[in-house]
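> Pulled the feature table from Swiss-Prot, pasting it below:
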DISULFID  4-39  disulfide bond
DISULFID  6-32  disulfide bond
DISULFID  22-40  disulfide bond
């Protein structure tokens, strides 16, 4: 996944292309939606 950032969050997340939700099994705890992609934290 490509790196991305969410407003107000330190570090970087994983950008998932053309997804509306973060995939399970990666330990993501938060996300921000960037249509049509989603940024999932933490990386």
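Cβ atoms here come from the backbone N, Cα and C positions, even for glycine.
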> So for residue 6 (disulfide bond), how many other CB atoms are inside 10 Å of its CB?
18
> Using a 10 Å cut-off on CB atoms, tell me which of the disulfide-bonded residues 4, 32, 39 is the least crowded.
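If we count Cβ atoms within 10 Å for the disulfide-bonded residues 4, 32, 39, the smallest count is at 32.
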> Sort out the sequence-distant neighbours of residue 40 (disulfide bond) for me: same chain, 6+ apart, CB within less than 8 Å of its CB, listed by position.
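Set apart from residue 40 (disulfide bond) by at least 6 residues yet with Cβ under 8 Å, we have 1, 13, 14, 15, 16, 22, 23, 26, 28, 30, 31.
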> Relative to the Cβ position of residue 22 (disulfide bond), how many further Cβ atoms are located within 10 Å?
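The answer is 19 other Cβ atoms.
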